[in-house]
Amino acid sequence: MAEFIRAQIFGTTFEITSRYSDLQPVGMGAFGLVCSAKDQLTNQNVAIKKIMKPFSTPVLAKRTYRELKLLKHLRHENVISLSDIFISPLEDIYFVTELLGTDLHRLLTSRPLEKQFIQYFLYQIMRGLKYVHSAGVVHRDLKPSNILVNENCDLKICDFGLARIQDPQMTGYVSTRYYRAPEIMLTWQKYDVEVDIWSAGCIFAEMLEGKPLFPGKDHVNQFSIITELLGTPPDDVINTIASENTLRFVKSLPKRERQPLKNKFKNADSSAVDLLERMLVFDPKKRITATEALSHEYLAPYHDPTDEPVAEEKFDWSFNDADLPVDTWKIMMYSEILDYHNVEASGQMMFQEDVPPQ
């Protein structure tokens, strides 16, 4: 039985195994508090996220189960990875992941980025999205604050399919709305991986300009700002809007022509503007894919088709439509945690068997 240590962080009890020391608050993550800590087993710094009251409602239990399944399944250099998971005596769940020093939001608010950093960051975002999309996973909430970066400029995407709780400590917190694809904003019938490409385009534009591209005050204002730059959506896109109220609103907007992005991004080179033009397209079907973006000339300095892997298998979403009681989600969660530790233990045993005797 693991030994647990208690600490008070922001008035919240953190119960962690004795494997971890030196807890420091980092902020609020998706429905949980995040601390940095020292992993005494590996001597690495890690991030520990406490999922608060994961079994209080079926919705929370399902959301926690989904995050656990995603963290277990997604294994890629540009995606945050799980290094440990445990349930405390108080039945809170703790996810342990690698710790990166900062995020793109903090970088963008501190100083302008040079071209080679913009290219390298965008390359890594697209490399991560190629893998994630190949697994049948859509991020849905891509924004600078959930793109983590370390001192070597290695980049990892975090918080998949989850809404991040606003951190009260973070001044000038950027709204998710700025990066949201029009098909989500206007509740079109169906959306898919293309929403992440739109968000990545907004992030790319912000790296180029140093400020958000579409800083809407609300959804109506947001859509209006988008049409000022990209013009009125084409009729075949407008006709896919299911809600009559939304349809009426879009049709009431003045007709606008798409503005050439080179007029707005005067300091960016032509290949950057060309890639951005292909990402910020109203029709999701005509938006560039992550795989295509990796082959674009703007990312040529980093593109290596032999080192841009796809997922070995699709993520199993079969649980996502399930409407189950808390106790069932709890049993399923315990099973996943046991499976994770069994796989980790067998991997370590195999590694030990491979090590030749001294």
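Glycine is treated like the rest: Cβ placed from N, Cα and C.
Over in Swiss-Prot, the protein carries these features:
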type	residues	note
DOMAIN	20-299	domain 'Protein kinase'
BINDING	Val26, Gly27, Met28, Gly29, Ala30, Phe31, Gly32, Leu33, Val34, Lys49	ATP binding site
ACT_SITE	Asp141	active site, proton acceptor
MOD_RES	Thr171	phosphothreonine
MOD_RES	Tyr173	phosphotyrosine
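Comparing Met28 (ATP binding site) with Asp141 (active site, proton acceptor), their Cα atoms are 16 Å apart once rounded. A strand conformation is recorded for Val34 (ATP binding site) in the three-state DSSP classification. In this structure the C-alpha atoms belonging to Val26 (ATP binding site) and Asp141 (active site, proton acceptor) are separated by 20 Å.
Between the C-alpha atoms of Asp141 (active site, proton acceptor) and Gly32 (ATP binding site), the distance comes to 17 Å. For Val34 (ATP binding site), the same-chain residues 6+ apart in sequence whose C-beta sits under 8 angstroms from its C-beta are Pro25, Val26, Gly27, Met28, Ala47, Ile48, Lys49, Lys50. Sequence-distant neighbours of Gly32 (ATP binding site): residues of the same chain at least 6 apart with a C-beta under 8 Å from its C-beta are Lys49, Lys50, Ile51, Met52, Phe95. Neighbour counts of Cβ atoms within 10 Å were taken for the recorded positions Val26, Asp141; the minimum is at Val26.
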